[in-house]
Amino acid sequence: MSNTAINNLNVAKFGGTSVANFAAMQNCANIIKNNPNTKVVVVSASAGVTNLLVDIAHTAMSKEQIRQKLSEIDSIQQAILQALKNIDEVEPKLQQLQSSLSELALHEEINHRADLKDSLLSHGERMSSLLFSAVLNQFDVKAENFDVRNVLKTDSEFGQAVPNLEQIAIAAKQLMLPALVDSVLVTQGFVGSDQQGNTTTLGRGGSDFTAALLAEGLGAETCEIWTDVIGVYTTDPRITASARPLPELSFEEAAEMATFGAKVLHPATMEPALRQDIKVFVGSSKEPEKGGTWIVRDCVTEPSYRAITRRKEQVMVTVKTPKMMYAQGFLQKVFTIIAEHKLSVDLITTSEISVSFTLDNPANSVLKRLNQETIEELGQFCDVLVEENYDLVTVVGNNMHSAAGVSSKIFAAVADYNLRMICYGANPHNLSLLVNDSDSQDVVCALHRALFE
Ligand code: ASP
Ligand code: MG
């Protein structure tokens, strides 16, 4: 078989809740069966497993505590294994993974070496993909478990590895396409390998990104993201019960939403889709009959307001130098440091002697460490003020800075709240407000009422 593309290829990704247990996996098997174009399946770790692995990787624990966490992971996977008909075939492979997992978990340097952490984290997806391929076989879908590390090549930024697109495209066509003729490949989201072959990971929630990257590399037509909600909503339904699912979204809108905190999609997911014009579907594996959201290049409608997102745990950094008025290159220096730490800045305002910007600051993440290093380096040549306890609320839509009345409606809705920073995006698709975290829920509700209800 030559390495030519397969017509109408669909890559389907199933999130942690979709592969949480045998019954959930059974729903996914039906979804795969119902679409003969689904030839590549990307899975997350079973719900809860990655969090347990992150605990082991990040927290200093006694051997006893580590064993406790391992046994919690084990009982999640055992429950699935025991529901299989061909236990004998799968069990030795699962045991192998469990023993390499416990070896890493009990490694003396597990809390201190990023490469070991990534190897440890990869076990969640390696176990779920092994089990899910067995579930598919049991439901008469010929499936093979495929090690994504042979294809998903990255740099060596453990915990937040950057994919190498050329290598992925070549390897995906060479190693995956030929196998797709007569079988479904079940592979791991979130996991990759660097140039030396060390295991890497793409950052939390990275399985969506994996699916989009493989879809791109394989020249797929569509990429389905199956999760536990029936699509992308006007806002997080946990914030307001008035939130409603969206039938369609543009690539740009979806990218903005993911970047600014919508939890349904990993922020980088839309990049490959945009480059290759791959239609992305988001739906619930529990209720596939309810449909979902299609994310496409050209939508039927282009409303001024599409959705509202919230991103928590923002810090606002203000750097100040009395010399800024004269010092050309000050901004450049500031942003070089930020770039060197691979941080992305979302909001910026400047005055004559200061620059303020926001950084994402989720607890326990790689970003948190990078933020600290960045702030220390900035402190060497200017005054740095760090303010915490902010959330970012973003209205996503179209022609946000040109259509008359678009922003005035937004500001009228939030007139009662203290807005620490207001920013139009560099593109016409967002307007962001930095607010006190204690206000953010109310701000989202007020905006949702004014713009959507
Ligand atoms: N299992 C990983 C996580 O929980 C990746 C993913 O599910 O997308 O972050
Ligand atoms: Mg996810």
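Cβ atoms here come from the backbone N, Cα and C positions, even for glycine.
The domain 'Aspartate/glutamate/uridylate kinase' annotation in TrEMBL covers 9-283. Annotation source TrEMBL lists ATP binding site at K13, F14, G15, G16, T227, D228, Y233, R238, K263, V264. Look at TrEMBL and you will find T50, E125 tagged as substrate binding site. Summarising the annotation, TrEMBL assigns domain 'Aspartokinase ACT' to 393-451.
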Exercise. Which residues of the same chain, at least 6 positions away in sequence, have a Cβ lying under 8 Å from the Cβ of T50 (substrate binding site)?
Worked result: G16, S44, L121, G124, F190, R204
For this session: State the Cα to Cα distance, in Å, between K13 (ATP binding site) and E125 (substrate binding site), rounded to an integer.
Result: 12
Problem set entry | Integer Cα-Cα distance in angstrom, K263 (ATP binding site) to E125 (substrate binding site) | 20
For this session: Would you mind reading off the Cα separation of E125 (substrate binding site) from T227 (ATP binding site), to the nearest angstrom?
Result: 16
Problem set entry | Overall pLDDT of the domain 'Aspartokinase ACT' (393-451), taken as the mean | 92
Exercise. Looking at the binding-site residues G15, Y233, K263, which have a C-beta within less than 6 Å of some atom in ligand 2?
Worked result: G15
Exercise. In sequence order, which same-chain residues at least six apart have a C-beta under 8 angstroms from G15 (ATP binding site)?
Worked result: S44, S207, D208, I225, W226, T227, D228, S285
Exercise. Among K13, T50, T227, Y233, which binding-site residues lie by ligand 1, judged by Cβ under 6 Å to any atom?
Worked result: T50
